[in-house]
2 protein chains.
Amino acid sequence: MSTARVVADLSEDELIASFVQLLPRGTRTVVPTGDDAAVVAAPDGRFCVSTDVLVENRHFRLEWGRGSDVGWRAAAQNLADIAAMGAEATSLVASLVLPPQTPLAWVHDLCRGLAEICRPLGVGVDGGDLSGGTEVVIAVTVHGDLAGRSPVLRSGARPGDVLAHAGTLGRAAAGYALLASGHEDVDEELVAAFLRPVPALEAGPAAADAGATALMDVSDGLLRDAGRIARASGVVLDLDPVGDAVPADLAALAGAAGATGADPVAWVLTGGEDHGMLGTFPPDVPLPAGFRRLGTVRAAGHEAAGRVLLGGQAPGEASTGWDHFRG
Amino acid sequence: MSTARVVADLSEDELIASFVQLLPRGTRTVVPTGDDAAVVAAPDGRFCVSTDVLVENRHFRLEWGRGSDVGWRAAAQNLADIAAMGAEATSLVASLVLPPQTPLAWVHDLCRGLAEICRPLGVGVDGGDLSGGTEVVIAVTVHGDLAGRSPVLRSGARPGDVLAHAGTLGRAAAGYALLASGHEDVDEELVAAFLRPVPALEAGPAAADAGATALMDVSDGLLRDAGRIARASGVVLDLDPVGDAVPADLAALAGAAGATGADPVAWVLTGGEDHGMLGTFPPDVPLPAGFRRLGTVRAAGHEAAGRVLLGGQAPGEASTGWDHFRG
């Protein structure tokens, strides 16, 4: 019964052979997966690289949604890191730890999810490794090409710059809250925003081309990630009041907030994993398509460098974003 | 007491800050770890990439040896994959899954092991990710530069070529057997060969420069990996009798074989993780330094393509190498 097969029914070579044809070769792939290493073109003469790991029951649950959602999400968050340098993704590799009883169909579905997000972008799935283990782990490393752009770091924000954001805020957190509380039918779009986020990938190179002084993707929550730009740049970031800045984001969260009793403003400020692009731009630069103003960059002084303010005030205590170890 | 601290005592940012200065920046590193992605020079205009994952109690045990050994080994096996393309490693990234009670000192020691093997090679540890989990997982992705060489694939072996090997065979397997049976004081060199393998890294580019027609690193055992070259190339590989080909390897295993009752020939033929370089060379080419002849490449015909013979005969049944899923 092929639907009941688990990974322990196959040798490692058979398992690889069963899914390798599901994975796309990229437009930059020179030597595809299957040898000791892949070879990928780096026409810029540099490559960007970022890695992220997803762990069962921490970042996903096998019973929530499909393997393809997990594959999509594992790639999406890495692709966002490449975009946040101002680069375009070219290639990824993925290591999988699979308990012996993992359904083969789930693994194939995971590969389909990787392919669904990568193939339209021309990104190759150019290698991987497999091991047994007690819980599913997916470690993805993704590469990108800057196409001659200067990488946009977190450290370039200057006093007077405008803080702006492309993408959504709080929706993945709201979707997670709906799933965790059994309210997933309240808002399927929010649940999808958690299971299968669509990062603002084009906004990264667009921000670089527009002259962004700093850029990152929001993976751990707006306040926490804004703090990273503020610390790296030695500045203070002052966010506009949330109701003024992102009324559409708040409106999109209203149903989920009602169903779960949560505060939608907290989702906007601390919810991660929407993978929008958070950047700073010189005040005289028109914001590129997709970006909206979120606040301003101020010099450190009265407030210490690295602080993030909300309407000029310190935000409340409960706003530090997700932490894997303090949890 | 700092010696008793575990990773759960620190936030993710604090944990990263506690070890990031232990990790080397590479000679090719343009933007080091700490931003959304690192940027690495790829002067060749291409890069090689390979990934491997190590799982606690499958690839290592916390009670066997030090964290630095695990870090060294995680890098070593990836560096070997890059060498096996004929390339020189430039950069790696590492994702770690750490149970909350993992000693902080063990994590720092792991970073030191990564640094000990990478720093002398000019390889940067240019990024990573952390997550909690129930068992330690280390996923390393390494990159290399071909410096204008053509990548040496597994598929280029031709009938009449000489099969040759640089490095050691069977020692990591013997060291593992000593550890697993509590005989680790019988031969500390063999135990070290398992805990801290020294791949034949220079032999990879040297083989490419000498005109190797096929090349791979021996990570899963000589017979199994030779079979991969044979299948990819559509040829038969005929190994010389082990006693003739690698007498020094057999001699090095004698003490461990005596202590554990194992067959040293089986270690040579099926023991993985020594990470020597296995290559095929045209018969008129002098073998580069470090390589010794192991056999010959024959056309498929009487024997099917992909077969590996030992002195012209099929090797015994017990010689298929390690498999993570069938175990």
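Placed from the backbone N, Cα and C atoms, the Cβ positions cover glycine too.
Neighbours of A:Asp36 (Mg(2+) 3 binding site), defined as other CB atoms within 10 A of its CB across all chains, total 29. A:Asp36 (Mg(2+) 3 binding site) carries neither a helix nor a strand DSSP state and counts as coil. The Mg(2+) 3 binding site annotation in TrEMBL covers A:Asp36, A:Asp81, A:Asp217.
Annotated Mg(2+) 4 binding site per TrEMBL: A:Asp36, A:Ser50, A:Asp81, in sequence order.
Counting only same-chain residues six or more apart in sequence, the Cβ atoms lying under 8 angstroms from the Cβ of A:Asp129 (Mg(2+) 1 binding site) belong to A:Ser95, A:Leu96. Classification of A:Asp129 (Mg(2+) 1 binding site) by DSSP places it within a strand. What TrEMBL records for A:Thr51, A:Asp52, A:Asp129 is Mg(2+) 1 binding site.
DSSP assigns A:Asp52 (Mg(2+) 1 binding site) to a strand. Cβ neighbours within 10 Å of A:Asp52 (Mg(2+) 1 binding site), excluding its own Cβ and spanning all shown chains: 27. As annotated by TrEMBL, Mg(2+) 2 binding site applies to A:Asp52, A:Asp81.
According to DSSP, A:Glu273 (substrate binding site) sits in a coil region rather than a helix or strand. Take the CB of A:Glu273 (substrate binding site) and look out to 10 A: across all protein chains shown you find 24 other CB atoms. TrEMBL lists A:His59, A:Glu273, A:Trp322 with the feature substrate binding site.
What TrEMBL lists as ATP binding site is A:Gly128, A:Asp129, A:Arg154, A:Ser219. The Cβ of A:Ser219 (ATP binding site) has 23 neighbouring Cβ atoms from other residues within 10 Å, across all protein chains displayed.
Annotation comment: TrEMBL describes A:Asp220 as Mg(2+) 5 binding site. There are 22 other CB atoms within 10 A of the CB of A:Asp220 (Mg(2+) 5 binding site), with all protein chains counted.
Taken together, the residues of the domain 'PurM-like N-terminal' (A:34-144) have an average pLDDT of 96. Residues or ranges marked as domain 'PurM-like N-terminal' by TrEMBL: A:34-144.
Annotation source TrEMBL lists domain 'PurM-like C-terminal' at A:158-246.
When each of the binding-site residues A:His59, A:Arg154 is scored by how many other Cβ atoms sit within 10 Å of its Cβ, A:His59 comes out lowest. Each residue contributes its Cα atom, and for A:Glu273 (substrate binding site) and A:Ser219 (ATP binding site) these two points are 4 Å apart. Cα separation, A:Asp36 (Mg(2+) 3 binding site) to A:Gly128 (ATP binding site), rounded: 10 Å. On a Cα basis, A:Thr51 (Mg(2+) 1 binding site) lies 13 Å away from A:Gly128 (ATP binding site). Compared over the binding-site residues A:Asp81, A:Asp217, the count of CB atoms lying within 10 A of a residue's CB peaks at A:Asp217. Helix, strand and coil counts under DSSP for the domain 'PurM-like C-terminal' (A:158-246) come to 42 helix, 14 strand, 33 coil. The Cβ neighbour count for A:Thr51 (Mg(2+) 1 binding site), using a 10 Å radius over every protein chain in view, is 27.
In the three-state DSSP reading, A:Asp81 (Mg(2+) 3 binding site) counts as helix. Note: A:Thr51, A:Asp52, A:His59, taken in sequence order from the binding-site residues A:Thr51, A:Asp52, A:His59, A:Ser219, A:Glu273, have a C-beta within a distance under 8 Å of a chain B C-beta.
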